[in-house]
Amino acid sequence: MEDIKNKKTGSFIGFVTTLVIAFLLYFIMKSAGSVNDILNYNNIISGMGSNIKSEIYWFLMNFTEAQFYAGVFASSGLIIGGFLAWRLDESKSKFAGFRISYGSRLWPWVISSQILSLFIGNILLNYTGLFLNSEYNWLPTFITVVSVAPSLMLLYGPGLKNLITASIIGGTICFPVGLWFMVNIVPIFDVHGVTGNVFTMALTGIIAMSIARVIPWVDKRSMPDFENDQRESLSEKGNAIWFIRRVFADFTEAQFYGNELAGVFMITALIMGWFINTAHSGYGSGVVPAILLSQFIASSVGIYFYYHKYRDEGFYSTFVPVVSVGPACVLTFGGTIPVAIAAGIMGGLIGAPMAEFIIKKLPEDFHPFIGNVSSMGISTIVVTVIMQAMPWF
């Protein structure tokens, strides 16, 4: 037990096994799939504003925009997996995995805020109507799903007043700020679009938390204790199975689910969607296999080298590069194995410590996600600059 307490790195077997899984999935996906009209990304975009099916597809796709999948299948898998994990957690099943939404028992409220805030932005305020101008082939309508609305629910707790308040704030402010960053900031600094998205999340998060401070009907509640809410013993955290589970959970941290079942369902559905039509997920870019590979590498590197943070603190933001550095670099430099490896390694090493540094500077009543998304932006810029300086990328 003494060795486990002093162990700095995660399970080497778990690390290697995860990488084997990642490369297997990469080569399987590269060897299959076809381009056709089934949920073709460009066809969905061309139907926005005039086709109800396209509107529904886009609504669903927003749930996995953070992972750069933007897929109907992947999003459906995420939601189904999240629901299953919640039901298993409620029944205290040993198969529940990491407690969804950090053991807060608020997953129904989290997903309700995501759905309602999307409805407010996409439908009531008709932000997606901008597609009709044919000026855009993408819009940052997803931002509220992984920022303001669910974070306010976790910070302030359940209740209709909190749900409606969080959804209105998220649904109204996230998209306009995101669009402003996309149009005015990203082109000037010539950075990847994800930086505009995540800095939007940070800025709107600060605005939302400041608003919530002064709203009389919103009551502050304590965040769950990560260390006590996760049921694993110290010895279990050090084994290969825990390592692999933690990697899959990292894939759903952006949505505030943090559960490996949701991650497995999402990735399985993503692969199914890829086999059906490679021009659907990943904005029809055709580089989804490399995106997925970079994400597995980034999470694995972070968990392996920063295992002691999980051991001592119960949680560490190793998911940061999974939804920023890795996929952004693949879309920037190409869907090759060297790009996925380089981005994954550098993102895995930089992302979590940067998030930790920023989180420690935040006021107590600001949700930690503000530090995480700030790290996503900074890490992406740093790694992109490094890779641009390398002659082989």
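Placement of Cβ uses the backbone N, Cα and C atoms for every residue, glycine included.
Here's what TrEMBL has on this protein:
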- 12-29: transmembrane segment (TRANSMEM)
- 68-86: transmembrane segment (TRANSMEM)
- 106-125: transmembrane segment (TRANSMEM)
- 137-156: transmembrane segment (TRANSMEM)
- 163-182: transmembrane segment (TRANSMEM)
- 194-215: transmembrane segment (TRANSMEM)
- 256-276: transmembrane segment (TRANSMEM)
- 288-307: transmembrane segment (TRANSMEM)
- 314-333: transmembrane segment (TRANSMEM)
- 339-357: transmembrane segment (TRANSMEM)
- 369-390: transmembrane segment (TRANSMEM)
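Residues 25, 28-29, 32-33, 38-39, 64, 67, 69, 71-78, 80-82, 84-85, 88, 95-102, 107, 110, 146, 150-151, 154, 245-246, 248-250, 288-289, 292, 369 of the same chain sit 6 or more residues outside the transmembrane segment (256-276) yet have a Cβ under 8 Å from a Cβ within it. It is 288-307 that, among the stretches 163-182, 288-307, 339-357, forms the most Cβ pairs under 8 Å with the transmembrane segment (68-86). Listed by sequence, the residues of this chain that lie at least six past the ends of the transmembrane segment (137-156) yet keep a Cβ under 8 A from its Cβ atoms are 42, 45, 58, 61-63, 65-66, 70, 101-102, 104, 106, 109-111, 113-114, 116-118, 121-122, 127-128, 130-131, 162-163, 165-167, 169-171, 173-175, 178-179, 181-182, 196-197, 200-201, 204-205, 208-209, 212, 218-221, 223, 254-256, 283, 323, 365, 367, 369, 373. The transmembrane segment (369-390) makes no contact with the transmembrane segment (288-307), as judged by fewer than three Cβ pairs under 8 Å among residues 6 or more apart in sequence. Two recorded stretches are said to be in contact when at least 3 C-beta pairs lie under 8 angstroms, sequence spacing 6 or more; the transmembrane segment (288-307) and the transmembrane segment (163-182) fall short of this definition.
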